[in-house]
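What follows is a short report on a single structure.
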């Protein structure tokens with residue numbers, strides 16, 4: 001057991017050491033085709049591990065090296081006038097499983113993949129100096145730009161879908177799974193995130209997680225395990241679920257606004273959200289027309305109410321994880337919500353055992 005634990009620890013240490021950072025020595029086997037020893041270094045996208053190194057290496061030449069974990073996806077760095085993707089020009093690169101590497105310019109003319117055109121845009125690359133390298137689970141993309149002026153401060157970074165690299169036939173990009181818009185001060189090296197509609201994004205995520213993912217399960221647990229405290233359990237259950245419904249409704253409205261303003265393609269996430277809201281509305285209607293305790297149909301109403309509630313919780317949890325993935329919120333949100341669900345499950349198991357023992 002001790003040997004296994006030591007081996008596991010060494011693997012973790014090796015993985016951590018293999019990740020790029022501004023404090024690590026950049027010792028690449030296949031060196032970029034220009035000297036990067038004195039470059040500025042800044043972490044530009046912490047959630048995805050993106051590191052940018054840059055320097056003005058000549059009067060009209062700016063040099064860049066962007067690094068990210070190699071997840072069998074393309075990585076992109078865009079230069080934008082207003083912080084938006086549409087209308088910007090980008091450098092995109094990837095390394096295939098066979099070791100072959102590709103880097104191309106793209107013009108982001110619209111939201112669809114067909115409007116992202118390869119070998120177009122206003123970026124002028126210095127000939128024969130671009131390269132892309134994969135080493136120690138990290139991908140490094142190095143290039144130089146010919147420009148009379150300082151490049152735009154509005155920089156955009158993107159991460160493609162796993163396992164879906166562009167085809168060498170037309171080099172068309174699939175829709176990215178995450179992106180971020182930032183502002184870089186080239187003099188100080190300070191990089192700030194400029195996530196579009198950040199407050200609206202957070203409101204949508206927090207409200208839906210709090211309502212459908214946390215309050216609804218708590219309300220169910222109250223109704224299931226605390227019936228001995230009658231009628232407190234009933235009023236508590238009703239209050240918690242009503243609050244969850246109101247917060248969830250507002251969260252879904254935020255989602256509609258976000259989709260409209262970002263022109264996002266989130267059809268599955270949206271459909272699940274609407275279905276969850278419909279289930280919640282059916283629960284509200286069922287509560288208003290519930291039969292009396294002595295009614296012959298009360299047991300069927302109970303089965304319907306219980307089943308619908310549990311289906312809602314399962315779908316809501318799945319859609320919350322899916323939303324975290326779509327928003328590129330990072331592992332912290334996934335871990336936090338997963339820990340919450342595990343805590344609910346553990347508490348439910350204990351209370352369920354106690355309930356059966358007291359019957």
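Cβ coordinates come from backbone N, Cα and C, glycine included.
Under the heading heme b binding site, TrEMBL lists 204, 237, 269, 305. Listed in sequence order, the residues of the same chain lying 6 or more apart from residue 305 (heme b binding site) and placing their CB within less than 8 Å of its CB are 283, 286, 287, 290.
Helix, strand and coil counts from DSSP across the domain 'DOMON' (48-163) read 4 helix, 63 strand, 49 coil. Marked as domain 'DOMON' by TrEMBL: 48-163.
The domain 'Cytochrome b561' annotation in TrEMBL covers 168-359.
The signal peptide annotation in TrEMBL covers 1-18.
Among the features that TrEMBL reports, transmembrane segment is placed at 209-226 (among others). Here the transmembrane segment (209-226) has Cβ contacts under 8 Å with residues 232-234, 236-237, 240-241, 243-248, 251, 276, 309-310, 312-313, 316-317, 319-320, 337, 340-341, 344, 347-348, 351-352, 354-355 of the same chain, all six or more residues outside its ends.
Residues 197, 200-201, 203-204, 206-208, 210-212, 215-216, 218-219, 222, 264, 269-270, 273-274, 276-277, 280, 283-284, 287 of the same chain, all 6+ positions outside the transmembrane segment (238-258), place their C-beta atoms under 8 angstroms from a C-beta of that stretch. Per TrEMBL, the feature transmembrane segment maps to 238-258 (among others).
Counting same-chain residues at least six beyond the ends of the transmembrane segment (270-289), those with a Cβ under 8 angstroms from any Cβ of the stretch are 208, 212, 238, 241, 245, 248-249, 252, 255, 259, 301, 304-305, 308-309, 311-312, 315-316, 318-319, 322. Residues annotated as transmembrane segment in TrEMBL: 270-289 (among others).
Summarising the annotation, TrEMBL assigns transmembrane segment to 301-324 (among others). Tertiary neighbourhood of the transmembrane segment (301-324): same-chain residues 204-205, 208-209, 212-213, 216-217, 220, 268-269, 272-273, 275-276, 279-280, 282-283, 286-287, 290-291, 295, 333-334, 337, 341, selected by CB-CB distance under 8 Å and a gap of 6+ residues from either end.
The transmembrane segment annotation in TrEMBL covers 336-357 (among others). Counting only same-chain residues 6+ beyond the ends of the transmembrane segment (336-357), those with a CB under 8 A from a CB of the stretch are 209, 213-214, 217-218, 221, 224-225, 317, 320-321, 324.
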Sparsest-packed among the binding-site residues, when each Cβ's other Cβ atoms within 10 Å are tallied, from 204, 269: 269
Residue 237 (heme b binding site): tally of other CB atoms within 10 A of its CB: 20
